[in-house]
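First comes the structure, then the notes that go with it.
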Amino acid sequence: MTQVTVKELAQVVDTPVERLLLQMRDAGLPHTSAEQVVTDSEKQALLTHLKGSHGDRASEPRKITLQRKTTTTLKVGGSKTVSVEVRKKKTYVKRSPDEIEAERQRELEEQRAAEEAERLKAEEAAARQRAEEEARKAEEAARAKAAQEAAATAGAEPAVVADVAAAEPVAKPAAVEERKKEEPRRAPKRDEDDDRRDRKHTQHRPSVKEKEKVPAPRVAPRSTDEESDGYRRGGRGGKSKLKKRNQHGFQNPTGPIVREVNIGETITVAELAAQMSVKGAEVVKFMFKMGSPVTINQVLDQETAQLVAEELGHKVKLVSENALEEQLAESLKFEGEAVTRAPVVTVMGHVDHGKTSLLDYIRRAKVAAGEAGGITQHIGAYHVETERGMVTFLDTPGHAAFTAMRARGAQATDIVILVVAADDGVMPQTQEAVQHAKAAGVPIVVAVNKIDKPEANPDNIKNGLAALDVIPEEWGGDAPFVPVSAKLGTGVDELLEAVLLQAEVLELKATPSAPGRGVVVESRLDKGRGPVATVLVQDGTLRQGDMVLVGINYGRVRAMLDENGKPIKEAGPSIPVEILGLDGTPDAGDEMTVVADEKKAREVALFRQGKFREVKLARAHAGKLENIFENMGQEEKKTLNIVLKADVRGSLEALQGSLSGLGNDEVQVRVVGGGVGGITESDANLALASNAVLFGFNVRADAGARKIVEAEGLDMRYYNVIYDIIEDVKKALTGMLGSDLRENILGIAEVRDVFRSPKFGAIAGCMVTEGMVHRNRPIRVLRDDVVIFEGELESLRRFKDDVAEVRAGMECGIGVKSYNDVKVGDKIEVFEKVEVARSL
């Protein structure tokens, strides 16, 4: 950039040099001569100073006043109304930085003064406490000294008492003497009553020895001084010191008692009330007020119970009822030498962008041609030996219905290869794949596919992914972009090299000598072999014969197959295998662990099943209760019931999610039954009982099911592409919606004159201005564009001839059935009602 002197700058801004130097000095700049150089930052400082001096700084409004006026009408009886106008005015003041700083200083001063006052108060309290302690010590010392003096003079006291007694006149009332004679006889009885009363007010029963004790000897008469202390003797109203001492009075609590409530994953209303020390009816009443009608024995889920306890003012401690799970985690020991393992790579991207074709080239196998419709509908797991080492690949579907599968693939992986077609760009599933990878914290390697096409534009891909925070390495980011062609094999070696380089950076380790641990990628029900689960071993070694626990299922590994279907005896880290021998089909994403014995596996599996059932029931019940008031008074939705069977668990989940999302306020889809495997007799009976349609995705019905379908006339359909199921269900829902009546305006005629007819009454002489007027069609009579009559066109004539229709620009006579109040200037609108099919 060229340097500018003060003189040149003065010429540019058309001002004298002396004035410019004066302004620069006011702005705090060091320039004193016309030949000194002015930098860009100094120009900016000068411009800011000049703007401030010319009042631009104050051009911003410091105060905004909003005025709001609302007018309402108040009825005061009869037809009288009073207009009430409410005006509200609010002023918002923008404070300057100096005012903000002064406010902050004032708050600091107030805080400091409050702290000082608190400190002085604490010092005064401490001084008062010290003074009280010293006074107490002095009082104790004086009391001890007085006791010593009393002990020293104790010897002379009896003589003094005797002298005093001799000096007293012997003149006591007879009643006192009589009472003194009878008191020794009453004394033992009173003591027994006292003992009995004492025993009544204590929790302990007297021992046998205490019962057999000899009664105590009679005590000496009590002096009248004791009576003056507030004791009354004899009579029914007699009071004793023991009764006063042993009786406990109820004290009202000074504040609400806050209790700690332990809430597991499920809890009944009665258990929750007991922990809060309130009646169950109170909790039921409170939940009714919250809009949740419950019973005292109803099971609540953890979230609902937490909300209720917190609303009632108690502390909540969420506890996990996972003692068995914790014991299982402690028993799993991964000891041994950790070695480097192969990376698990997930291939993700939009549908038809070439993910499976790229894997085909790497594996030298034709998988894409075998997938129905050319799209991947399962998670494929393969491991490939390359020159630089082994790599395990997971291929995920790209269709929108397979969101859960893609998320599952990202969580079981180390590196994500994001395949983007160079001729298509960043698409919705591409964005979703980036979100899944970032949520799992997995590094991304971008493969820009189809670069052999002439319309390929790799720069467009970089710009699109940079907007999603995937920055190429050449732009200073951390995501390698590798141009490849799955068709020609261009750039595949560079892609594998980039993947293995990322794996080296991650330093992936595993312990092959430990028991196997992994994750379920996919599961299905095979007719000949039973439940089959595709498992990716993540750590340790899985061997044939191991007892495994997979989610809520367990079993002994009877056989293991690699991705080519060949039997193997063991599988190390990062190896995908199919295992046989489980008692059911686990959900994809469930964790697999090798346990010591079958007893432990069965115990944990049954515990998980029970917990899963409880949580599911609690949530289902809560959902029903929430909707009970919303649905009250509304028309019931039309429901399409479906029994759905698929070949693998992942496809079943994807289909259930997609079908449940269809529908609107009037129609809905309900999957009444679903599972993995072929269509059986029980599925057909379920469809018959629930009036449902049977859908089979890549599966077929057995002979018993086909017999029921034919006999009962059930609707059963087979599919192998997910698009076809969704389209058919949409069509069925559209048919259930029914149709709408739509009005089409056929023509408009303007009344020019009115005639009288003995047969039809008033006849309107009209000019057809728009469209065409038809006989025997419904009409509306409009006066000043307001509908005043709706009826039927009875007579339509032209030159005394009855006609069926009259076109625009022609005159005609119109007779309206049962209406004679036609006037000049009215418009007659002829229309028809058409039934139109509705859509979702």
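For all residues, glycine too, the Cβ spot is worked out from N, Cα and C.
Annotated GTP binding site per Swiss-Prot: 349-356, 395-399, 449-452, in sequence order, evidence recorded as sequence analysis. For Asp352 (GTP binding site), the count of additional Cβ atoms within 10 Å of its Cβ stands at 15 [all protein chains shown].
As annotated by Swiss-Prot, compositional bias 'Basic and acidic residues' applies to 95-143 (among others).
The compositional bias 'Low complexity' annotation in Swiss-Prot covers 144-157.
Feature annotation from Swiss-Prot assigns compositional bias 'Basic and acidic residues' to 175-191 (among others).
Summarising the annotation, Swiss-Prot assigns compositional bias 'Basic and acidic residues' to 223-232 (among others).
Sequence annotations record features per position, and here Swiss-Prot assigns compositional bias 'Basic residues' to 233-247.
For 340-509, the entry in Swiss-Prot reads domain 'tr-type G'.
Per Swiss-Prot, region 'Disordered' is recorded for 94-157 (among others).
Residues or ranges marked as region 'Disordered' by Swiss-Prot: 169-256 (among others).
Per-residue pLDDT, averaged across the region 'G3' (395-398), gives 60. The region 'G3' annotation in Swiss-Prot covers 395-398 and is backed by similarity to another entry.
Packing against the region 'G4' (449-452) from elsewhere in the chain are residues 353-354, 357-358, 419-424, 458, 483-488, 490-491: each is 6 or more residues past its ends and has a CB under 8 Å from a CB in it. Sequence annotations record features per position, and here Swiss-Prot assigns region 'G4' to 449-452 based on similarity to another entry.
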Reduced DSSP state (H/G/I helix, E/B strand, rest coil) at Lys355 (GTP binding site) is helix
Within 10 A of the CB of Lys355 (GTP binding site), the number of other CB atoms across every chain shown is 30
Close in space but at least six residues away in sequence, with Cβ under 8 Å from that of Ile451 (GTP binding site), the same-chain residues are Ala422, Pro458, Pro483, Val484, Ser485, Thr490, Gly491
Helix, strand and coil residue totals from DSSP for the region 'Disordered' (94-157) stand at 57 helix, 0 strand, 7 coil
Per DSSP (three-state), Ile451 (GTP binding site) is coil
Under a three-state DSSP reduction, the secondary structure at Gly349 (GTP binding site) is strand
